[in-house]
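S.K.: The structure follows.
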Amino acid sequence: MPYDKVIVPRDGAKITVNADLSLNVPNHPIIPFIEGDGIGVDITPVMIKVVDAAVAKAYQGKKSIVWMEVYCGEKASKIYDGEYMPTETLEILREYVISIKGPLTTPVGGGMRSLNVALRQELDLYVCQRPVRWFEGVPSPVHSPELTDMVIFRENSEDIYAGIEWKAGSDDAKKVIKFLKEEMGVTKIRFSDDCGIGIKPVSKEGSQRLVRKAIQHAIDNDLPSVTLVHKGNIMKFTEGAFKEWGYELAAERFGAELLDGGPWMTMKNPKTGNDIIIKDVIADAFLQQILMRPAEYSVVATLNLNGDYISDALAAEVGGIGIAPGANKGGSIAVYEATHGTAPKYAGQDKVNPGSLILSAEMMLRDMGWIEAADLVIAGIKGAIKNKTVTYDFERLMPDAILLSSSEFGKAIIKHMDA
């Protein structure tokens, strides 16, 4: 179908989705991309060049990606008369199934709190999937970063990120406080006359669809455990319910059984016959254990706020969010993204590390079934880092490293695909 501002390439075809949510990927799929704000202008072109090189090398012209630019954020506001998230963009992201985006800024002033959060909610991208791994040679503040190798499944649609809150002193806040006191008998609001109020929605459906994705990932990748991370010791009916619903889903959907009387459970991987342990950990204890015993964890399922903290804490252990990939996924739609911010003071300087977006594109290639191209991206990144040809964030911490710009780092990755 024709669009108002977006030009659909003549070559290429759409990715389609089967009834079982598997993908039909043509040899020349059209992939929408959002350049992103700030440093998006630097890192997105590098990502495209690296991906194109990997695909060309892997398939010798038999496959290629046909890129289609769509708009969100500051660039969209200029093209769509002030709209930061045009309806047209949302329609395209739904229709073309798989897309990738750079970092987005949040409009200053009232209204939309975060474009990233709004995008997830509008498209019901209820999973934020964040793989965390260390590449040899990357500077790390921990003693054995190679022990950290896990995938975070963060619930994207609920928890306090739903944005249901009222400003202290507002009429709406006063109404909610009055209702809580007079209708619900709440007596624990310490300073109720000048208090902001927020709601933390956590549902059975939202919790279980996330845990189902996490367990399926463990099955598909033959991983030994899924850990439910929560604060159920304090918030029993939200975080605690998440834990209970997770265990319930494991039993009912995957046949998990109690381990040594519970609450931990065990199940057989139906593809390999290996054991998968379903366990839970309190969030604050987990933040200690990822420093002290990271090798004990492989797949993590958690609610929105905990997932935000945990993802970035883990990224710091393996080199920072500059090389931390991520994807937001729903039933059939996936938007891969740079996990860092827009860093506007560096925009246009060809300076920052494009690794986060490149590794997110590697996730995209792997999910498309283009494993050979994905492997080449990994080989290129490994080679560039091992050779100490890196961007400034790594160069300043690596003795005898060679400082590269964003675009030069992309060229180094492509060069090391041949290694």
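Every residue gets a Cβ built from N, Cα and C, even glycine.
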S.K.: Do you know which of R130, R133 Swiss-Prot groups with S114, N116, R120, R154 in the D-threo-isocitrate site?
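M.R.: My reading of Swiss-Prot gives R130 as the candidate in that site.
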S.K.: Of all the recorded positions given, R154, K231, which residue's CB has the most CB neighbours within 10 A?
M.R.: R154
S.K.: Considering only the recorded positions T105, Y161, D308, K345, N353, R396, which fall within 10 Å of N116 (D-threo-isocitrate binding site) when distances are taken between Cα atoms?
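M.R.: Qualifying among T105, Y161, D308, K345, N353, R396: T105.
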S.K.: Considering only the binding-site residues S114, R130, R154, D308, which residue has the minimal Cα-Cα separation from K345 (NADP(+) binding site)?
M.R.: S114
S.K.: What is the nearest of the recorded positions T105, K231, G341, R396 to R130 (D-threo-isocitrate binding site), using the Cα of each?
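M.R.: Checked the recorded positions T105, K231, G341, R396; minimum Cα distance to R130 (D-threo-isocitrate binding site) goes to G341.
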S.K.: Using DSSP and three states only, what is N353 (NADP(+) binding site)?
M.R.: coil
S.K.: In whole Å, note down how far the CA of N353 (NADP(+) binding site) lies from the CA of R120 (D-threo-isocitrate binding site).
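M.R.: That separation, Cα to Cα, works out to 25 Å.
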S.K.: May I ask for the distance between G341 (NADP(+) binding site) and S114 (D-threo-isocitrate binding site), taken between their Cα atoms and rounded to an integer number of Å?
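M.R.: The separation of the Cα atoms works out to 12 Å.
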